[in-house]
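Sequence annotations record features per position, and here TrEMBL assigns domain 'SSD' to 177-342. Here TrEMBL flags 179-198, 219-238, 244-264, 314-331 as transmembrane segment.
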Amino acid sequence: LKRSVQVISQHWPLDEQRFWPGKSYDLNGYLDIIVAGREHPQYGRPNILTLKYLDEVARINQYIVHNITVPVDLAGKHYEVAYTDLCMSFDWACYLNDHLTMLMPKSRWGNFSGPIAEFASDIINNEVGNISYIWRKKLASWLTNKEKPPSDMVEFGVNHNESLPEGLQDVADTLTPKFVGTCTILFTFCFMVSVVLINHGNGFIGIDWVRSKPIVACAGIWCPLLAVITSFGLLLWLGELYNAIVNVSPFLVLCIGIDDLFIMSAEWHRTNPEHSPARRIADTLSEAAVAITITSLTDIMTFGIGIFTTLPGVRMFCLYTCLQVTFTYIYQVRVRKSSRSFQQIAS
């Protein structure tokens, strides 16, 4: 793929003065607008090719080209930058969606006129690099405004080259602050379910600290948390790329770790309380390790297969998650060997 892109770039280089969207193979700063007539509650959506809707689309197009501006302050001067100041051109003329004219009646084909865009060299230079992105953001916000829609007849769907990264970043920004609250709730829940109550008589019910293991339950949550820290640290140290979508993976790993914790907790309460702690730990892990191993290996294989995909975002997410699940399993079952050794010493 990289070789193909290099060959195409060599033979058909991108020319700012001979630009045509249909011939572009590496178009990054784009914004696609899908127009549809507003849906009627009884008759559905209207025919967008009727004249009144085409006139409305043409009006919106002219407004976008000439009226959507963003402020730029440069060298003590203030500018309002529009589409015609940012666009790439063909013979010094911007691409103005002229195909809309072809959808009009033939009598209107000769009446379409548009200004010829000239690049303002004092505005667009190396000092202002993201103004095109700011303009596209403003246009997308204007078209999708629900409180003040740009048209009462048609509605718009917007897609641009930053749609996916921005969507992933929004998801990460929404979920990441909730991770601390999630851990707090899980700590509290694990503490509560690991407590065993005992009736002391006279209506007094207290905590049986001999059978209760809240510290052990809460410590079990540290396994996935340590696995997350270890995985992120190792992959970043090795130079692996980072994307905001991987911020979702700790939630999955935390759920897997909590599930394994409850399996071990249930097996612990099924052991004979008259046995020594070392014996009970050995019995617990001998029963729980089978279920934990099967579920962990299944998750590791699932995300491991995803590592070989050609999609960079999916590959990165699967790589981080696979390594986190692996470290979670290692941290949870590594106690098994030490507990058996302790049992042999005690016996």
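First residue shown is number 1, and so on along the chain.
Each residue, glycine too, has its Cβ placed from N, Cα and C.
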- Taking pairs 6 or more apart in sequence, does the count of Cβ pairs under 8 Å between the transmembrane segment (314-331) and the transmembrane segment (219-238) hit 3 or more? yes
- For the transmembrane segment (219-238), could you work out the same-chain residues 6 or more beyond its ends whose Cβ comes under 8 Å from its Cβ atoms? 183, 186-187, 190, 249-250, 253-254, 256-258, 260-261, 264-265, 319-320, 323-328, 330-332
- Within the domain 'SSD' (177-342) only, compute the mean pLDDT. 81
